[in-house]
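Feature annotation from Swiss-Prot assigns NADP(+) binding site to Gly166, Arg167, Ser168, Ser191, Ile232; the stated evidence is sequence analysis.
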Amino acid sequence: MAATIIDGKAFAAKVRAQVAEHVTRIKQDHGITPGLAVVLVGEDPASQVYVRSKGKQTVEAGMNSYEHKLDADTSEADLLAVVDKLNKDPNVHGILVQLPLPKHLDEDLIINSIDPAKDVDGFHISNVGLLGTGQKSMVPCTPLGCLMMLREHHGSLSGMNAVVIGRSNIVGKPMAQLLLNDSCTVTIAHSRTKDLPDVVRGADIVVAAVGRPEMVPGDWIKPGATVIDVGINRIDAPEKGEGKTRLVGDCHYDSCAETAGAITPVPGGVGPMTIACLLANTVTSCCRANGLEEPTGLTA
């Protein structure tokens, strides 16, 4: 039996509609417009695409979008000054510094200079610690999007066995913590995990976030399990013509879909949820900053 496809594109549209509804209410009832500031250093083509998309969706949700584009040779002091100015700006409720930064800039230093309350990426060490102790925090966008889709599909996740493949600070570790906070029994697997196929076969939920194209085959998946594929990998596609490529996840989609009960596709699965959750975090931050009731269903 073919797996149910978890349509991240459709679910992200639903989340963005919820965000827009809350933004309208905040404007009408309190005269406040949530604002998201994005800082881009340099001219990395992929980063430019992401920043444009974030700005477009921010405006479509009714929020203010502030873009700060800096030269690739911008000094650390100048970048810190921009972040400090945004920290102090009451019209800015979310701050995102687009990664990666040029090599001469200390990413950890820059990220930890952001006001934790405005850290809508959820990367500040204070937010990492709050999430790790089960307290209110800003939650990283990609893991939050995965959690939302899992909750939508399953309802309660309590008691389920979950395996997260990947231990990055951006996805793997916070994803595991979110699942633990939802009362899953969680295993974090990685490149050194012994008997990885057997570990994965015991999971009701598999989150693949390792960055290796089609690493997880269908025979690793427990029948009926839910597979969340975070990977976005570009591989050669000679069947499309010379020099052509295609996007694949960390899971071999066709074989996993034959065994799984539900699966996210690549593209169109986790990816669209990341920006939707960035908008959700910005609204949440705005509400917290102004002592307003937080919107339900838009955070962990």
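Note that Cβ sites are derived from N, Cα and C of the backbone, with glycine treated the same way.
Binding residues for NADP(+) (Gly166, Arg167, Ser168, Ser191, Ile232) extend across at most 18 Å, taking the greatest CA-CA distance. Sequence-distant contacts of Arg167 (NADP(+) binding site), defined by Cβ-Cβ distance under 8 angstroms and a gap of at least six in the same chain, are Lys173, Ile188, His190.
Minimal Cβ crowding within 10 Å, among the binding-site residues Ser168, Ser191, is found at Ser191. If you count neighbouring Cβ atoms within 10 Å for each of the binding-site residues Gly166, Ile232, the highest count belongs to Gly166. In three-state terms derived from DSSP, Arg167 (NADP(+) binding site) belongs to neither a helical nor a strand segment and is classed as coil.
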